[in-house]
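Q: Attaching a single structure in structure tokens format; questions to follow.
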Amino acid sequence: MKPSIILYKTLPDDLLHRLEAHFTVTQVPNLHPETVARHAQAFASAQGLLGASETVNRALLEKMPALRAASTISVGYDNVEVDALTARKIVLMHTPAVLTETVADTVMALMLATARRVVDVAERVKAGEWTESIGPAWFGVDVHHKTLGIVGMGRIGMALAQRAHFGFTMPVLYHARRRHQEAEDRFNARYCDLDTLLQEADFVCVILPLTAETRHLFGATQFARMKSSAIFINAGRGPVVDENALIAALQNGEIYAAGLDVFEQEPLSVDSPLLNMSNVVAVPHIGSATHETRYNMMACAVDNLIDALQGKIEKNCVNPQAAG
């Protein structure tokens, strides 16, 4: 008899068929308590769980006593209580490598859009305000040869540094938990403490996961240390930034602009002051959102679950100790 799994994400037919070749699949729309109750028997017998974005917590795990592996279609997993999974010997798989280049493209796009005011001036053209040759009120600032500060030198940070160094001749500063020799060798990146990076960088790009240590890492003190001409980019996790402090820094002219792919609360409230600022480019968590990359992420998550339930967790496992 095939192992049974719960699938809470719609997959392309070919990927669904791949799952069905290995498992008995129960598809559900979400992991809400009423959904779990409606499919109680399927949840109780499921050995695998696959999907994205929904909360996976102790309450859910209590309803899934047979669960052995969970596979998330994402690199981030702050919506998952990893400690609870580990305590129950449940491995968590994720999809870190397949989205690296696409997210780095998004960060670069935010840098260019904020610096050159692409969204702001495009909206003004559509509003009929382009009635004569443009003057300084429409100008942006250069990106090339400016200093880039990367906070979080993981895979995405490395891909961003490559674009900045080779494509835009940007000096690269970085701050991370440990020095990254490859970044220093390939891109002449300079390791520095966070305060130094904030004081020297023209672009501060945050690419950090959400942890107890990184929550509200950026607040009023950090924005005050940045240049008034600096552009702030967040493509990691929203709660890494104290959003009220960011709003104040923008309103008070402490920084020049911000490009934001993530927010403290998502979706972003329509009442957020950020949406009324012409120097803010706000996009709806599109970091990996291309057709190609999202397909590759789903395919990776499918393969991860198949591997995990066969005892293969050599790659993409968040908590390998759970299998011990």
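Cβ atoms here come from the backbone N, Cα and C positions, even for glycine.
From Swiss-Prot, here are the annotated features:
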| type | residues | note |
| --- | --- | --- |
| ACT_SITE | Arg237 | active site |
| ACT_SITE | Glu266 | active site |
| ACT_SITE | His285 | active site, proton donor |
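Burial and contacts for the listed features, if you can.
A: Annotation for Arg237 (active site): same-chain Cβ neighbours under 8 Å, separated by at least 6 residues, are Gly76, Asp78, Leu208, Pro209, Leu210, Thr214, Val262.
The DSSP secondary structure for Glu266 (active site) is coil. Glu266 (active site) has a Cβ environment of 12 other Cβ atoms inside 10 Å.
According to DSSP, His285 (active site, proton donor) is assigned to coil rather than to any helix or strand. Under a cutoff of 8 A between CB atoms, and with a sequence separation of 6+ in the same chain, the neighbours of His285 (active site, proton donor) are Asp261, Val262, Phe263, Glu266.
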